[in-house]
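This report concerns only the one structure given below.
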């Protein structure tokens, strides 16, 4: 038993999931996962290891080799892979991207293959073949060929138009230009011509064309600032830095042209924040990591130029690896229509078989003995019945609707244009209209159950705004005048008195300006001075204007706020910082920067003032600051109350504090700090311990409150979608506190919500798995599955889970294998059996655990997954699709959302931002999240209703028309809108009919079938009765079957067109003309087909001259038609009237009172009630989840040399406080 257990893959339970870390969700190598602890090596493993050691050594991780400026190197035979038979292709992709589906050669075969997946198309192809056989053909072959070609052609043209648009977009991107080293010089080249190993030059505001190794740049120490909006939707700048050796030697064109470095690195993968490799150059190796790689899709900012070596190109780049597999998406109604067509096949086959049997019987009893029916053939009755079976298949072929699919495509095309033309989804600020990028999914928009949304750039604008603050216990930021009186309407503060103000801050508390200018409370000035000095922001001047480069939008917002209030950060060197304090410039010596990290949740700076005093300034999350405050802080409680108020308003907060440090105390602490800075092991832990010693007994100044601005209308949209019974899950890479704060801001979470976290869920799932295992046994397979809820009924619950916990719970966590699993090949049949059983048990356990998680999460009203990777986002969407069989929609704006967007049934991209990668992969796009409510509740619902009405009518019409032939065979020897868009938004509950498939399903299909059968019987038997023993007005009896056919066809056309009128709720000129014009067109064509002129032209085809005019001049024929139409339609009118009166639907009720409801009620934000000291949550702290620029500042690597020579800085005594590495 123990041996069997040891052979299983065991999940790593040694470490608790870390909420602050984004887990790697891709396959790490065995080297990364192996436990380094010593274990006893099994004998068989030792034998295997010795055998492996005798083989040629092979580095498993770094197998990607790049040679600079040498294209021929990458064309060597051992880099070629066989793609198809003997055709070989280099494993190094070119830089051209392909998002299109077809090319000139593959369009026709691939498109026909996809179209013939539709059952109806395949059926008509078989029918066309049958019609080519003379013995069974009852209709000319071209009567099927022409409609089939029309259907295939229309669909092919639509697919071609969609694919041409993709070709154009690909061409636009592939033809972008940059400079590439060729023949020893930089020459302009197109992106598609770039290859691995090329050295390229990029300039400011250029997009990065491939994944490149940064070699040098115009910035000091070859720093390069990039914007990653295309990857993650974030607009704050991030920095990359080259190796010192390449920065020193690869600045000029001639040196770059002769660069012959060799790079070994990991194979292409989708890990955006990880890279491992080595550069070999000048007989030395240099380690490479993600900080030295510029990814495709980034934009160069604040850097005049930079040079790089192409490592991954085209499809091998990380952004393309994250794009996921392009899936062919079809709607739920498409699948349902296919099954219904199969059902019609069965019905058609049964009818044809029944008629063929009847014909064989009739031939045996009547036909063989009727000399006037002899056709010169002596076939047996059974053979004639067999031929008639195929003949009836052809005659009744209209039961299978050949025009159904083309009609559906035309309707979808029109609905797509309605979305494109909707001015209420047009974003004028960015000149961005809504765009239906596909025409095949419109009705599915009316059936959404789950929405998966990104946060940054989708729900939020990624713009941080200084909103309020608390200083010395006093809250500032309300609408107040300089006399401290509140006003509802007041002009915003005028910052024109401040020459450094950027005029972008909207602030309405004039009393705070009065306090700053008067200087009555020194804490107010001290507060903003702290904001101006305690940060890692970089600054440069452009045309006399200050430009700040912050590691996070929060920090940028705080420094900008201090600048507007009179304390402007002007410049810094390695060991000084210059501040303008109300117009007076002062320079402070920076003695140490204690940087932020996710564990410390705070940062500090120690400065020496011009007067010689040493002071520590600190800002951080309230949870860590309050633990380190001096016990004599008079405003501690008032500040805590202010923090509760800010949290209730969903603002992001930081506490600000300071302390005076004695010279002696600092000298003693500095010795410990220097020792920790040069520690060779556990350096970060040593520094954190030293930081703790100085960051204590702090004096509280107050707190800041920053608004992470939501996009307009987000809370309203989420509220309405929730009323439509649509559940919204937020999937983000941001930290847990921030994601939770946004959940409250957009009202996904409320004060009444009970929040469950990863550890809570883990214990619930563990208990459920134990119960399921205990219930299992020999008879478990015969017992019905028990669906027990995880939570007691009632209550509003939400789930907030991090990526690390998600991997832990879903058993996706990277695994260590016991040493026995190092066996590469099982040596015995028993070992092979044990391994197979172990793998099956593990998969079954994993599947059950995942299903339980989905069941649990779906019991929650909201789910927020934070610190998740792109692959995890797609995995969550796939789990809900797989285990809930629900229709899903994913919405995002960055490349990290592409996989999720492609995985969901419907993908929506937010356009108008910097990043367009999500839009390129989406099915629909628009500029603002708020447009989602209109896309679903209006266009989605209307599209679903229109499509269902059309399909029900279409099947009814076809059965009514076709089954008339069926009844005839017994006598011939067997030879619209509902409610307005405003009311749709006003009453989201109307959306539920689509989620529950109430308007088109098998029940509705069979109702349409029954309706068609009854209509066909009325259309046949009433005229039949009218024609029996009847004499016309002229004394003749028009009882020939052609006159009979004219009567039935006329009644049929009028009936089915009037049926459309009954289904129409909103009449326009177009649909009125279509209905009555169709009837008029029918009569015109019918009289033409029975005219003498067409008989002269085609005598063999049109033989019945004058039949229509002769029949329709008889008054009783018209009475027969009117009676037939009335009997067909009056029951429908009566049933609908009774249904709307006795059993009205929600739509009927709203339609009835639409005039009273015409004035749309405005949505109002939920009022939050603040109770002092009873806050149920804390606000998010306003820090990025990444480390700041402190390392660059302290080391002097970011400072331009003209400000202070590096030698002088190193020689300066204060440089002893320099910090290096990842402290």
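Cβ coordinates are placed from backbone N, Cα and C, and glycine is handled just like the others.
Features as listed in TrEMBL:
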type: REGION; residues: 1-54; note: region 'Disordered'
type: COMPBIAS; residues: 25-35; note: compositional bias 'Acidic residues'
type: DOMAIN; residues: 67-145; note: domain 'P-type ATPase N-terminal'
type: TRANSMEM; residues: 116-133; note: transmembrane segment
type: TRANSMEM; residues: 139-161; note: transmembrane segment
type: DOMAIN; residues: 174-237; note: domain 'P-type ATPase A'
type: TRANSMEM; residues: 339-362; note: transmembrane segment
type: TRANSMEM; residues: 389-408; note: transmembrane segment
type: BINDING; residues: 454, 456, 893, 897; note: Mg(2+) binding site
type: ACT_SITE; residues: 454; note: active site, 4-aspartylphosphate intermediate
type: BINDING; residues: 454, 455, 456, 555, 596, 619, 652, 732, 733, 734, 867, 873, 896, 897; note: ATP binding site
type: DOMAIN; residues: 977-1145; note: domain 'P-type ATPase C-terminal'
type: TRANSMEM; residues: 1005-1028; note: transmembrane segment
type: TRANSMEM; residues: 1040-1060; note: transmembrane segment
type: TRANSMEM; residues: 1066-1085; note: transmembrane segment
type: TRANSMEM; residues: 1117-1139; note: transmembrane segment
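A contact between the transmembrane segment (1005-1028) and the transmembrane segment (1117-1139) is present, since 3 or more of their C-beta pairs, 6 or more residues apart, lie under 8 Å. Between the transmembrane segment (1040-1060) and the transmembrane segment (1117-1139) there are 3 or more Cβ pairs closer than 8 Å, counting only residues 6 or more apart in sequence, so the two stretches are in contact. Comparing the Cα of residue 652 (ATP binding site) with the Cα of every entry in 454, 893, 897, these being the binding-site residues, the smallest distance points to 454.
Of all the binding-site residues in the record (456, 893, 897), the one with the smallest CA separation from residue 596 (ATP binding site) is 456. Each of 389-408, 1066-1085, 1117-1139 was scored by its Cβ pairs under 8 Å to the transmembrane segment (339-362), and the highest score goes to 389-408. A Cβ distance under 8 Å defines the sequence-distant neighbours of the transmembrane segment (1117-1139), meaning residues of its chain 6+ beyond its ends; these are 1011, 1015, 1018-1019, 1022-1023, 1026, 1038, 1043, 1047, 1050-1051, 1054-1055, 1058-1059, 1062, 1111.
Other Cβ atoms within 10 Å of the Cβ of residue 652 (ATP binding site) number 25 in total over all chains. For the binding-site residues 454, 893, 896, 897, the greatest number of Cβ atoms within 10 Å around a candidate Cβ is found at 897. Every protein chain shown contributes to the tally, and the Cβ of residue 867 (ATP binding site) ends up with 26 other Cβ atoms within 10 Å.
Cα to Cα, residue 456 (Mg(2+) binding site) and residue 733 (ATP binding site) are separated by 9 Å. Each residue contributes its Cα atom, and for residue 454 (Mg(2+) binding site) and residue 867 (ATP binding site) these two points are 12 Å apart. Reported as a whole number, the C-alpha separation between residue 867 (ATP binding site) and residue 893 (Mg(2+) binding site) equals 17 Å.
Across the domain 'P-type ATPase C-terminal' (977-1145), the prediction's mean pLDDT works out to 74. Residue 596 (ATP binding site) has a Cβ environment of 27 other Cβ atoms inside 10 Å. The number of other CB atoms found within 10 A of the CB of residue 456 (Mg(2+) binding site), across every protein chain shown, is 26. You'll find the Cα of residue 733 (ATP binding site) roughly 13 Å from the Cα of residue 893 (Mg(2+) binding site).
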